[in-house]
2 protein chains.
Amino acid sequence: MSRVADIPTATVGRVVTYIRVLEELEAQNVLRASSGELARRAGVTPFQVRKDLTYFGRFGTRGIGYTVAVLRRELLRALGLDQTWNVVIVGMGRLGHAIANYPGASDYQFQNVGLFDVAPDVVGREVRGLTIQHMSQLGPFVASVAGTPRQVDMGLLTVPAEHAQAAAQALVAAGVGGILNFAPVVLQTQDLHLPEAFAAPGRREVTVENVDFLAGMKRLAFYMLGPQAGPAEE
Amino acid sequence: MSRVADIPTATVGRVVTYIRVLEELEAQNVLRASSGELARRAGVTPFQVRKDLTYFGRFGTRGIGYTVAVLRRELLRALGLDQTWNVVIVGMGRLGHAIANYPGASDYQFQNVGLFDVAPDVVGREVRGLTIQHMSQLGPFVASVAGTPRQVDMGLLTVPAEHAQAAAQALVAAGVGGILNFAPVVLQTQDLHLPEAFAAPGRREVTVENVDFLAGMKRLAFYMLGPQAGPAEE
């Protein structure tokens with residue numbers, strides 16, 4: 001497998017799609033698939049499939065294709081999706097609730113271990129066996145589970161945009177180095193530094209993935225414009 | 001502007017991010033920005049920013065940078081985000097509710113005009129002034145608003161995976177040619193055909209954007225694995 005830093009982010013995104021396609025094939029009891037079949041279902045070219053997979057190892061046999069179960073298992077392993085990732089959700093509005101209740105998450109061993117908010121009418125409520133805690137308890141909670149099987153790996157930010165950077169700071173200050181940001185703002189990662197006690201050697205300090213909840217809608221709008229011409233100039 | 005089909009999908013995704021960055025700069029009363037500043041905030045290289053923008057026109061002045069308001073306006077226009085897109089949501093579970101209530105959607109003139117489900121305890125409820133209708137009413141509803149300012153442009157699929165393809169078929173049969181699929185399954189678009197009465201000349205028949213609700217979490221898991229080596233073989 002190539003070094004993580006050498007793998008294009010677009011490739012990582014497509015491999016996530018390939019895994020989903022392989023799961024569908026498995027559900028349909030398909031044992032082997034060609035790069036053409038994977039490509040058709042993923043909406044890319046066969047060349048793209050083969051090129052993307054070279055980053056992760058040597059798979060498949062010319063003329064025979066890929067063994068669905070093996071390729072799925074290896075890609076899950078390559079992406080770290082064969083292990084459990086413990087997650088806290090910061091911001092238990094509707095989106096936080098939707099994620100906390102999303103049935104698919106547990107298929108990938110994303111395990112909610114803590115839920116946080118600041119609203120008095122939300123703190124103390126129970127969601128799927130977890131009591132929503134006040135944000136002031138984030139640091140103590142993360143510290144209390146450190147080194148246990150419930151150690152926090154990732155924080156999901158589902159707070160309003162104006163609170164996202166501060167909530168990210170709170171996660172990082174507590175020692176949570178992976179953030180999935182659903183708030184409609186691009187987090188400024190250069191301002192986020194893990195306390196020295198938490199920073200592992202050889203590991204990027206803080207990893208942020210920004211999820212634009214409306215990005216899909218915006219892309220769809222563009223593709224629905226249809227063929228266009230005429231350059232814009234400032 | 002280049003033809004839609006010639007613009008890489010990754011570029012479209014990044015331009016969505018640039019627009020978000022430009023909005024932040026505007027909110028901070030920043031009037032001009034270099035490609036370096038845009039790149040830093042968007043988490044890409046300055047070269048990538050400049051290359052992506054060439055697809056949409058000629059922007060900026062060497063040594064002076066981009067006028068934030070102008071670039072934002074032109075990119076919004078290029079992506080079709082300066083016009084209203086009417087949306088129906090099919091599947092009013094927690095995710096459907098989260099989207100129907102998402103405050104950011106109206107900023108981009110995504111307007112919910114109809115909500116649909118099949119569950120007897122959900123149909124008839126009201127969300128933000130819209131009554132949730134039964135799926136059997138989808139076709140008649142879409143027909144009733146055709147040609148009016150509430151004409152349906154897009155369908156958002158937030159149904160369970162096993163119902164996604166059938167719900168997509170229902171949308172397309174009703175004449176809705178743009179689908180944003182949140183269900184954890186890759187829709188098979190080759191099976192989706194707009195009825196002849198609805199297909200506009202020169203327009204791709206059905207446009208589907210698949211949104212993997214967990215894709216961000218999966219990518220984050222990968223990046224948190226840290227530097228790796230050792231190729232996998234089947």
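Here the Cβ of each residue, glycine as well, is placed from N, Cα and C on the backbone.
Counting residues 6+ beyond its ends, the DNA-binding region (A:17-56) has Cβ neighbours under 8 Å at 1-2, 6-7, 11, 64-69, 71-72, 74-76, 78-79, 81 in the same chain. For A:17-56, the entry in Swiss-Prot reads DNA-binding region, with the evidence type sequence analysis.
Mapped onto three states, the DSSP output places A:Gly91 (NAD(+) binding site) in coil. A:Gly91 (NAD(+) binding site) is surrounded by 27 other CB atoms, counting those within 10 A of its CB over all protein chains shown. Feature annotation from Swiss-Prot assigns NAD(+) binding site to A:Gly91, A:Met92, A:Gly93, A:Arg94, A:Leu95, A:Gly96.
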TODO: May I ask you to pick out the binding-site residues among A:Gly91, A:Met92, A:Arg94, A:Leu95, A:Gly96 with a CB closer than 8 angstroms to chain B's CB atoms, ordered by sequence, or 'none' if no residue qualifies?
DONE: A:Arg94, A:Leu95
Task: Residue counts (helix, strand, coil, in that order) that DSSP gives for the DNA-binding region (A:17-56) - done: 28 helix, 2 strand, 10 coil
TODO: Please name the residue among the binding-site residues A:Gly93, A:Gly96 whose C-beta has the most neighbouring C-beta atoms within 10 angstroms.
DONE: A:Gly96
TODO: Could you check the binding-site residues A:Met92, A:Arg94 and say which one's CB has the fewest neighbouring CB atoms inside 10 Å?
DONE: A:Arg94
